[in-house]
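Enquirer: Dropping a structure here in C-alpha cells format, bear with me for questions.
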Amino acid sequence: MAAPSAIPRRGLFIGGGWREPSLGRRLPVVNPATEATIGDIPAATAEDVELAVSAARDAFGRDGGRHWSRAPGAVRAKYLKAIAAKIKDKKSYLALLETLDSGKPLDEAAGDMEDVAACFEYYADLAEALDGKQRAPISLPMENFESYVLKEPIGVVGLITPWNYPLLMATWKVAPALAAGCTAVLKPSELASLTCLELGGICAEIGLPPGVLNIITGLGTEAGAPLASHPHVDKIAFTGSTETGKRIMITASQMVKPVSLELGGKSPLIVFDDVDIDKAVEWAMFGCFANAGQVCSATSRLLLHEKIAKRFLDRLVAWAKSIKISDPLEEGCRLGSVVSEGQYQKIMKFISTARCEGATILYGGARPQHLKRGFFIEPTIITNVSTSMQIWREEVFGPVICVKEFRTEREAVELANDTHYGLAGAVISNDLERCERISKAIQSGIVWINCSQPCFVQAPWGGNKRSGFGRELGQWGLDNYLSVKQVTKYCSDEPYGWYRPPSKL
C-alpha cells in the first residue's frame, strides 16, 4: 500500500467532535524510518483536559445514565462491535499510519489492527454478559436477610497509553472501560498518536454518544499530568515507564484515587540443555527483537545452560544476521526502526555503557551499514555480563539481549528473579515438570513455557514488583473499571428486636 501524500490533520476529539487545542499549538510527527516530518498533532494543555473531562462527566450522567453508564450492556456492546467492524474495514490504512508513525514493520502493524478489532469484539461480548451477572446472590447465614451484588462503572477514567503498540495498547484500556459503562479521556503518547486520533473519527462515524470517549494528544507534562491529577477523574490506568508510574501513584494518592499500572520489565528467558536449539533460538529472537525490542515484557535477559551456551550463541548470531532490516514498508521486513531519535540515542548509550563496563558486544550494537537515515539499530547480543551491570538491571526497550550462563535449575531461578521488575518470564525445556516448577518459582505476573511473548485477549496481563499492579485483558480487564456494590435487605415482617421498645403510655 502506498504511503498517503499527507497525514490527516486532526484536532482533539472532545464531546463527539473535533476542536483545535486551546493554545493553538501542534507537535510535529516524524517518520522514524526516514526522519522526515510527515504531519502534526494537536498539543493539548490543562484547559483542553478540563473540557475533555467535563465532556466525559456529562456523558456519564446524561439522563441519569440511561444512554451509557446505566444502559444495558447489550447497548454498549452494539457500539463496540461497530468500532470493531470499522477497524477491520480500515485495517490496511490504519496499519500504514501506525508504521509511518512508529517505524514498526507493516506486517506487524497489520497484525496489531487485527488484535485491536478482536479486543473490541471480546469486550462487546463481556458487556452483554455483564447484564446476566448483575444481582448475583450472596448466601447468608441469617434467613431474615437477603444480599446481592451489583457491578457498576467506576466513573470517568483517564487512560494514558504508550507508543510501542499505539492503538492496541489504547484498546486494551478503552474497550473494557467502555464495556463496563465508564466514560473516558484517552491520552496516547505524543510519539505515536495518529491511529488513536483515527479512533476518534471511527467513534464519530458509528455514532458513539458524545463524550463517551474523548481523545487528547500532547506532551505528558502538559496533557498527561493534568489528566492524572484531575479531581473529577475517578480512576487512572497507565502503561509506561516506572518513573512516570510512580508520579501518577503519588498524585492519585492525594485524592485516594484508584490506579492500575503496567510499567517496565526486564524479563528472563531460561533455556535448558535438552531443547531443540533452533526452535529455542527463534523464540529468543522473537522474545527480544520483535517490534525492535520495544516491548515491556521483552525477554531481554537470556539465561543459557552452560552445556549448550556456545552452540546456542553461534546459532543466535546466525539467525540475527538473517533478519531483514529495512524500511518497514518493504515486504518481508522483520526489524524496523525504533520510535524516535531520543529512543535511538538512549539505546545506543546502553550499549556503549555495557562495553565500558566490560561486557562483550557479540553481535550488532550499531546502525546497519545499508541504512543511512532513520533510527535503525542492529539486533544486539551482549555476553560476559555481570549482575551488577546496567545492561542486566535496567530496561533498554530496544533490540538488545544480554546473556548469562547457569549450571543448575536453582541458579537459573535465582538469576531470573534477580531484578526489581516482575512482568514476565519464560522457560524452554523438554522436561515439562521442570517447566511447571519454574513457572511457580519465577516472580512475575506472566510465565511462558516453551515460547515467549504470546498474548491473548482472554488471558490476564500484568506484573508484580516494580512492573506495576492490576491486570488487563480477560475478565480481569473488565473488572478494572467496575465498582462492586453490596445490596442487603431485611426480609422479615417481624421487628429486628435489638432494642426493647419504649413503654406504652
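Keep in mind that glycine also has a Cβ here, set from the backbone N, Cα and C atoms.
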Enquirer: Based on Swiss-Prot, name the residue from W68, W448, W461, W476 that is recorded for the same 4-aminobutanal site as E262, L263, C296.
Expert: W461
Enquirer: Among the binding-site residues T242, G245, W461, whose Cα is within 10 A of the Cα of V295 (betaine aldehyde binding site)?
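Expert: If one measures from the Cα of V295 (betaine aldehyde binding site), no binding-site residues come within 10 Å, so the answer is none.
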Enquirer: T244 (NAD(+) binding site): which of the binding-site residues L167, T171, L263 have a C-alpha within 10 angstroms of it?
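Expert: Close binding-site residues: L263.
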Enquirer: Give the three-state DSSP assignment (helix, strand or coil) for W461 (4-aminobutanal binding site).
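Expert: In three-state terms, W461 (4-aminobutanal binding site) counts as strand.
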Enquirer: How big is the gap, in Å, between the Cα of E262 (active site) and that of G240 (NAD(+) binding site), rounded to a whole number?
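Expert: The separation of the Cα atoms works out to 7 Å.
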Enquirer: Please compare the recorded positions E243, E262 by how many other CB atoms fall within 10 Å of each one's CB, and tell me which has the fewest.
Expert: E243
Enquirer: Work through the binding-site residues one by one (W163, Y165, W461) and point out the residue whose CB has the fewest other CB atoms within 10 angstroms.
Expert: W163
Enquirer: I need the CA-to-CA distance for M169 (betaine aldehyde binding site) versus T242 (NAD(+) binding site), whole Å please.
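Expert: Their Cα atoms are separated by 16 Å.
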